[in-house]
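Undergrad: Have a look at this one before I ask anything.
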């Protein structure tokens with residue numbers, strides 16, 4: 001009986017070790033949990049100084065994801081600096097929809113029918129790795145597949161129905177309160193602001209070391 005009990009104890013002990021190992025494997029480690037929180041890396045920043053009517057409302061700073069969507073980011077940065085001889089400076093946010101987004105980037109016509117990229121009139125969708133996770137994400141406006149130009153929008157809510165259709169390439173790091181001011185401006189029946197919302201200045205801010213941001 002003693003030998004049988006010892007054997008049973010060994011079997012039970014081995015089973016406990018196996019079960020414990022399985023439970024340990026199923027539990028997410030710190031690195032897994034952290035990976036879920038980590039989002040894309042900001043490689044460069046761009047700023048917009050905005051004005052509504054005659055009133056200066058502040059600066060918006062965007063973090064852009066140059067490793068994830070390099071071509072899209074290069075386009076946005078070049079248009080912000082004006083290094084190609086054209087770009088966002090003095091252009092308008094022509095479309096504002098509360099609880100959805102604010103849209104700008106049409107520096108040729110100012111009504112949502114124009115704009116152009118540094119690669120030509122239009123360029124293809126780079127990828128859809130990033131999603132419209134919530135307020136403050138910056139994405140390319142388009143007229144369908146592979147029709148990216150210079151127009152973009154900033155979300156003011158989560159817009160998951162746009163995932164896989166619009167290329168996300170940045171996020172507001174500073175000045176979300178300024179975005180909210182634009183979102184709250186009065187518009188006409190076609191969502192055009194009654195007072196011009198103008199990018200009075202724009203430019204590039206270097207990032208010494210890329211850093212990840214949360215997807216929330």
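Our numbering is plain: 1 for the first residue shown, then up by one each step along the chain.
A Cβ is built for glycine as well, from the same backbone N, Cα and C atoms used for every other residue.
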Undergrad: Quick check on the record annotations: which of 192, 209 is tagged N6-acetyllysine by Swiss-Prot?
TA: 209
Undergrad: Cβ-Cβ under 8 Å from residue 165 (N6-acetyllysine), same chain, 6 or more residues apart: which ones?
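TA: Set apart from residue 165 (N6-acetyllysine) by at least 6 residues yet with Cβ under 8 Å, we have 128, 142.
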Undergrad: Tally the residues of the motif 'Prevents secretion from ER' (213-216) by DSSP class, grouping H, G and I as helix, E and B as strand, and everything else as coil.
TA: 0 helix, 2 strand, 2 coil
Undergrad: For residue 209 (N6-succinyllysine), list the number of other Cβ atoms lying within 10 Å of its Cβ atom.
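TA: Around the Cβ of residue 209 (N6-succinyllysine), 7 other Cβ atoms lie within 10 Å.
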Undergrad: Taking DSSP as the reference, which of helix, strand or coil describes residue 209 (N6-succinyllysine)?
TA: strand
